[in-house]
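Colleague: Structure incoming, see below.
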Amino acid sequence: MKIGVLALQGAVSEHIRLLTNSGAEAIEIKRADQLAEVDGLILPGGESTAMRRLIDKYQLFKPLREFGESGKPILGTCAGLILMAKTLSGEQDGHLGFIDMVVERNAFGRQRDSFEATLDVKGVAEKLTAVFIRAPLVKEVGPDVDILSEYNGEIVAVKQGSFLACSFHPELTDDARLHQAFIKMVAERSVLEAH
């Protein structure tokens, strides 16, 4: 089982490390043709507008949409969550539109407002250390979206079908439980496809 990490920008090596430490084969994705090699994909944190520009530059938008529409699992963290949103507050449309949610960018403020919190993430982990850096917030979700975690009453982790997304950076700690939960999602999907 192979899991790709979109390697255009952002915390790529940290995701690779946690995936590898959890027993998955992890590869950096830089070209559209590489998506065919992987069973699941991580859209890492970084800067969402820069990431979107690079996605367009390398003609990855349509292949990423098709990857998600095929039912293969995708995990988005921080900027990745923004890319997965159907709607961005104050803007017309989201980017990939995989999750029926309204997201507000930089809702927790700029870099100096970075902080850590301990969260319970439903079905994933209790007391997970979450690192927030200029983090987005999920302001609203549709009826098919499962809220997995909240911080001070604000939604910070969601799941819809084969899509998992969080406002924080799970890759910036040594706690691999969110990655392990994602690996399990990918493994279960791979078993279904094999039958």
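Each Cβ is built from the backbone N, Cα and C atoms, and glycine gets one as well.
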Colleague: What does Swiss-Prot list, out of Arg31, Arg65, Arg105, as binding the same L-glutamine as Gly46, Glu47, Ser48, Ile133, Arg134?
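Modeller: Matched candidate out of Arg31, Arg65, Arg105, per Swiss-Prot for L-glutamine with Gly46, Glu47, Ser48, Ile133, Arg134: Arg105.
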Colleague: Over all pairs in Gly46, Glu47, Ser48, Arg105, Ile133, Arg134, the listed L-glutamine binding residues, work out the largest Cα-Cα distance in Å.
Modeller: 13
Colleague: Take the C-alpha atoms of Ser48 (L-glutamine binding site) and Glu171 (active site, charge relay system) and report the distance between them in angstrom, rounded.
Modeller: 17
Colleague: Quick check for the class: what is the C-alpha distance, in angstrom and rounded, between Gly46 (L-glutamine binding site) and His169 (active site, charge relay system)?
Modeller: 10
Colleague: Which of the active-site residues Cys78, His169, Glu171 has its Cα closest in space to the Cα of Arg105 (L-glutamine binding site)?
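Modeller: Out of the listed candidates, the nearest Cα belongs to Cys78.
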Colleague: Given the recorded L-glutamine site (Gly46, Glu47, Ser48, Arg105, Ile133, Arg134), which additional residues of the same chain have their Cβ within 8 Å of the Cβ centre, ordered by sequence?
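Modeller: Neighbours found: Gly45, Cys78, Ala79, Ile82, Asn106, Ala135, Pro136.
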